[in-house]
Amino acid sequence: MSTIEIVSTVAEYTEIHSPVSSKFLLPSARDSSSSISLFSAIFWFWSWLFFKIMNIFLYYIPNIIVNLFSVNFQITLSLSSIVITLTGIISFCFLIVRYKYLTRYSKTTKSTDKPKSSNKNIDLVGSIKKNKRGDSKSTSNYLDEFLSAIKVFGYLERPVFHELTRNMTTQKLSSEEILYLDEKLGFSIVVEGTIQVYTKVNSVNSSTTSNSDDNELNFEKDDLLTIGDQCYQLLNEVKSGSPLSSLMSTLDLFKPVDPDTMSNRLFSPFELDSNPASNPLSPDNTGSKSFDPLSSGNFNDTSLSSSDRNYPNIVARPKPIEDSNNLNTATIAIIPYSAFQKVQSKYPKATSHIVTMVITRLYKITMNTIHSYLGLTREIIRSEIQLNESEGAKDSLPSYLYDGVIEKFYGDKNNETLLNKTAESPSVSINKTSSSSSSLPKKSTTSLRPLNRNQSSRYVVLDSRSKSTHPGDLLSSVPLSRRSDYYQTHTTIQPDPEEVRSQSRTKMTSPVLPKRQISSNGGPTLKGHSSSTTKFENIRDRTFSDEREETEETSLRIAIIENIFKILGINEVSNMIGSMSDLNSRSSSVNSSVVGLPSLMNNGNESKYPNGIFDFNTGKVRYDSISSFPTSLNKGANNNLKFYDTVNQSQLKDMDHENDKSSQVDINNLMFKRKSIPIQSFESNFYDVKNEFSKHLNIKYFGPNTTLVEQESFNSGLYYVIDGTLDVFYKPASKESENLTPMNKKKLYTVKSGGLAGYLSSIIGVRSLVSISTPGDKGVIVAHIPKNEFSKLLDKFYFLQLPVASKLKSLLSSQILTIDYALEWCHIPAGDVLCSQGDLANGFHIVLSGRFRVVRYNNNKSSEVNPDDNTDIHDYNNNLIDESLSYKSRKKKDDITILGEYGHGETIGEVEVLTASRRTNSLIAVRDSETARIPRTLFEMLSLRNPSIMVKVSRIVANKMAKKDNIGIPSTISSNVPLIVTNTDSHISNDYKTITILPTVSGLPVRDFADKLVSALKNIGRNVIALDQASTLTHLGRHAFDERLAQLKLSGYFAYLEEEYQTIVYVCDTPLKSNWTSTCISQGDCILLLADADDDDVATNIGEYERLLMKLKTTARTDLCLIHADKYVEPGSTSVWLKNRIWVQGHHHIQMEIARDNSVQQGQKTSIIKNIAAKISSRTNTNIKSRLENVKTKAILSLNKFNNRLSRRTHSYKTVQAHKNDFLRLARILSNESVGLVLGGGGSRGISHVGVVMALEKHGIPIDLIGGTSIGSFVGGLYAKDYNIVSIYGRAKRFAKRVSSWWRMVLDLTYPVTSYITGYEFNRGIWKIFGSSEIEDFWIRYFCNSTNITNSTMDIHESGFSWRFIRASMSLAGLLPPITYGGSMLLDGGYLDNLPVMEMKKKGAKYIIAVDVGSVDDRTPMNYGDTLSGFWVLFNRWNPFSRHPNVPNMMDIQLRLAYVASVNALELAKKTPGVIYLRPPIDDYATLDFAKFDEIYHVGMAYADNLLTRWEQTGKIPPIAGMIDRSRIRNGEERKSLYRRSSI
């Protein structure tokens, strides 16, 4: 069909059907001859289609609508139908809003996973398995073991180290060899294997031990060694890398064979014990008369058999090994005697360093152990008694100097008694800068002349010259010496050897001491020698410019110093010999000095007797070791090739009991043929030493009943008694004697004129073990050298340290020296294991420095990777348990449980030693630590001879058990108190010794934070010091962190600070790659990680310092300190910080201003809303902006006025209070001085908690930890969230009003299948208060408890959304449904513990304020028979005359049954030490009386306020740290409170 035909057809159709007039029709088709284009046809078609559509929309549709509205219809509905329809529509809308929109908070605050628990087990398993102490390494060699043992010498310079190791030799011991260890030959170190050291016991003990096998107190058979008929007791086992010789023996190795001091050595103080019956040496002993540090000493009787004398005092052998495949051989390395002599000749200052280490070890290890643990303090004090009984202590001052001192202090001697009665001041001092004493009575007007070296004359200027009563006195014009035997000291003495030996025999047989010389000889004159051998000095050779020209005052001071030197063992001649020989020696170190130590002793004479050693006392060469044994024993031993002689143990059975005397060669003639050494060059140098000491001498007078030194004081000094006496008292350190009167002190001895007090405290550095005071009837004149000045002088004149230390060793008893030898100084690096679970208990440890964490394996079958269904994943102590038909919880425990930590001064492992069992736990070093190890064998040997030691240790163990009970840790499973299983760890002490402040990123105010923390620690009474890199470098030098061997020096300095201070704060103020940064991390017991709470970049990422912290793999506790500019925490912001930081165990919110620079601000994310607000404000008209600001200001002022009005109405506190300082709170937590607040449950009665908290704030009691149950968790959460009492009052009242609304409760009712109400209104009421805040966001550390009825445990909640867990803690069974969390159902925590005091104690709170508002059960006795009728019960309730009106119903019985565990927990809480228990009088209020908010609040407020006021007036409130500035009390100022009470 053509196009023209189609158009014609369409036109016809339109014409017929369309009602529109013809003028709208399409034009008719033209003839076929007309030409119409295709374009025109299409155009007309689309035009027609358009008009057609318009016709439909404009005509047809409106026509249909009009017709529809014109139709009439009628609907008829009843009223009930209308009501039902409307009700359905409204209910549908309500349900949508109720469950879709109003519960959105529950979905947004629902935790899918359980909250992250602090991961404290990081790398602990690997540490226990890989870093066990004592395990041998495959790559270890002799050098490694030697370097490990050489650490006992402390800091050694490289030349000194090479000099000691240059002549080092080794000796290997076979399994059957027994070694005689003579410490005079050299210093021995075990480099391979384990060596058992035995000490000789007397015949009586050995026979008793062998015959009394049934006696449990005797030694074990494995600990005994029999050589012939002599018995030896095992003293210690020395492993590879440990020294075999005693460190005290180095003092003898440094000393030369000095003939001039031989007579003094013949009579050693420890050889003449205070008890003559305990002298171990007999005059006819052919062995060495010098005391061996390992001799039996006080342990043995004086009557030794002839066979005993031929046996050595100390032997050693390799430890037998049960494995037959391994040979029990051992290798020792020996540093010979000559090496030490060369070191002290070439490097005298390095020698003084080693001597310092000897004294340090004696103080840290031996003295601390003997005094604090073994209870043998009297053995230590006895050495000071012997010091004052020695010859030097009996030399007094020259008479003319003594009379001058008496005259200057007392005036006329007849008025001395009058002075004692009328002295106004207890102390009158005459020092080098004072010219007179204003405190003296008016009768005494004489004054000492000041010390002035420029005005000194050749004559001793006496005060008597100025008196008119002595005209022309010849004495005033004669040059005087302060020593009457002056010329005797300037000689070279050559004693006769026979005379020396005869005097030796006389002194050894006679207990009477030689008569003391009247003169005060500061030089080394030999007692007992006549002056016939004296070569007098020509006085004409002296000039007027001689150094000995002095005034009377300087003469007095020098004379006192000479007497003190004589008592201390400082010998002028021995130092002179060392100085002169040192001038001839080749010095290769800058530490060498002209005034040096003694050099080599024998000028090459030792080659004359190479196979023996020279005995100091006999003057003979003694062929050492087992040469006194029968010669048959030495046939198989090639002794010429060994440093120490040995004997074959297998040949001991054939031993002859004949006694062969030791081969000795008399070399007295050789030793005493020394040439005279000129002394003039040394005299002036040694005079300078005495002159320097005299400058720090203070001459003082103390009146009667004056205490010079308190017991346990640190800074005392030396007191030389010039006139009078000093009484020395000792008070046992026990809890019973803390509050004793001075009458309970026991007087030990009296220091007479010429004696010395304060010796041990000054020489060793130990705290004063005694108290020193003057008698009650007379004063005393003393010369005092302060302890710090004395230490500085010894460091300056370091060559004096060796004679002082040697004198100290000579005073120590044999028992102390034996203990010193057996004690082991253990160094445990961070992360290493001190002892592992299951090891044999071979000793116990005393923590000297550092910290140890106690861990225990929970699953012994840890090797099983995939246990089957029958595997016991619980720990049932290997009991037979059949769980085939019971439900098994597949919840596995952690591999390791942390039980606690041990810090400075605590003891470890004594229980296992006493019970002879294996280690029950493993101990891991938190940081580099040191311990003193007491071997089991030494403890048993001491306990047999000193039963008081066993009593002392038993008391220590009992006190530790009692302490565990006090902090709520049951010691036994069979306790009468039911155990409540919780999901928290055991108690860990927070008393940290060292605290490290480490930033997350650079730019944080670490220094300011440290200053405020140190100030807070001082305010709570801690002795604290802050260490940064600058202060450490100042003390140790600028290369303190660069040298390899300097780490020993650094660790020694840190160990000293730990002894001196209670807390050390390490401030990490250096760049990331600094050595000081790594040092701070490794030294911290607790690491405070500083972070800016507003820095979102660091919150989501990890700072550079944190990466270093993870790289070093420290196991110390790490706490995150979030610094806020304001006291506000954005909800949910804290969990962002803690989410990915598994190495953080805790966190603190601290308010502190941070000066942020532009770079830091640019790195922080800004809020989008703040950006939009900034843009709008920038484009806003300035007038509108200013008006808005005015409105904002007025609103803030109005809000402040409202708050002030509310504060006055509710007796509120001042806005800023000092006791609520965040740094004080942090200081108390770190010092184990924190205060906890525990609020109990009780429904509406808990409103009284608000009043109690108000009273606590009013009285300025700080709160550091908060915990609660039920309503107590609600009020405690409000207080912990803002730490503001105003917000607590308003929000608590708002919640009470909502809960007391009956129509809300009615609308929340449901079908009582699980509970009466759905809990919606209750949940929403709590959420309205807390919002989306999490427990981590609370300003104060907080926890609440709940009862997990799924696992039958009490859960402690410390993280997560706060409203959810507070709701769980308030879920009363039957009324509210349980809260589901992690698959478990949680109910009210009051069912198990309504007052969680034990949990607060586990958090480390020292004082706990517990507020109990629980209901009181009816305790009326019931006796209604064996059967009970319900009608009878109902009748008795309505009968006023009934005897049984209170028979409980079913609900009462169920409630009492539910709270059985809580009642017992409450009784235990009341008995817990440190608990302040409060119970307001709220028994008349019901559980749901929330409508009586104001009434209950005022009851609690009035009760707590009156009670605390009464306790304050009577002084019953405990000394809470932070309420009083204790730093002022320590400085002697008056008590000052840190808070100001608000007026009512």
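We number each residue from 1, going along the chain as drawn.
Backbone N, Cα and C define each Cβ position, glycine as well.
According to Swiss-Prot, the feature motif 'GXSXG' maps to residues 1268-1272, out of the candidate ranges 28-32, 588-592, 968-972, 1268-1272. Among the ranges 659-664, 1241-1246, the stretch that Swiss-Prot annotates as motif 'GXGXXG' is 1241-1246. Sequence-distant neighbours of Thr907 (nucleoside 3',5'-cyclic phosphate 2 binding site) (same chain, 6+ apart, CB under 8 A from its CB) are Tyr373, Phe844, His845, Ile846, Val847, Ile956, Lys960. Each residue contributes its Cα atom, and for Val766 (nucleoside 3',5'-cyclic phosphate 1 binding site) and Arg927 (nucleoside 3',5'-cyclic phosphate 2 binding site) those atoms are 25 Å apart. Residues within less than 8 Å, Cβ to Cβ, of Arg927 (nucleoside 3',5'-cyclic phosphate 2 binding site) and separated from it by at least 6 positions along the same chain comprise Ala830, Gly850, Arg851, Thr994, Ser1082, Gln1083, Gly1084, Asp1085, Thr1114, Ala1116. Across the motif 'GXSXG' (1268-1272), the DSSP tally of helix, strand and coil residues reads 2 helix, 1 strand, 2 coil. The two recorded residues Pro732 (nucleoside 3',5'-cyclic phosphate 1 binding site) and Lys807 (nucleoside 3',5'-cyclic phosphate 2 binding site) have their Cα atoms spaced 28 Å from each other. Around Tyr749 (nucleoside 3',5'-cyclic phosphate 1 binding site), the C-beta neighbours below 8 angstroms that are at least 6 residues distant in the chain are Ile385, Asn388, Val728. According to DSSP, Asn698 (nucleoside 3',5'-cyclic phosphate 1 binding site) sits within a strand segment. Across the motif 'GXSXG' (1268-1272), mean pLDDT in this model comes to 94. Cα of Leu800 (nucleoside 3',5'-cyclic phosphate 1 binding site) to Cα of His827 (nucleoside 3',5'-cyclic phosphate 2 binding site): a span of 29 Å. Cβ neighbour density within 10 Å is lowest for Asn715 among the binding-site residues Asn698, Asn715.
Rounded to a whole value, the Cα-Cα separation of Ala783 (nucleoside 3',5'-cyclic phosphate 1 binding site) and Lys807 (nucleoside 3',5'-cyclic phosphate 2 binding site) is 21 Å. Long-range Cβ contacts of Lys807 (nucleoside 3',5'-cyclic phosphate 2 binding site) within its own chain (separation 6+, distance under 8 Å): Leu568, Gly569, Ile570.
If you take the Cα of Asn698 (nucleoside 3',5'-cyclic phosphate 1 binding site) and the Cα of Pro947 (nucleoside 3',5'-cyclic phosphate 2 binding site), they are about 44 angstrom apart, rounded to a whole number. When secondary structure is read from DSSP and collapsed to three states, Thr907 (nucleoside 3',5'-cyclic phosphate 2 binding site) falls in the strand class. Distance between Cα atoms for Asn715 (nucleoside 3',5'-cyclic phosphate 1 binding site) and His827 (nucleoside 3',5'-cyclic phosphate 2 binding site): 28 Å, as a whole number.
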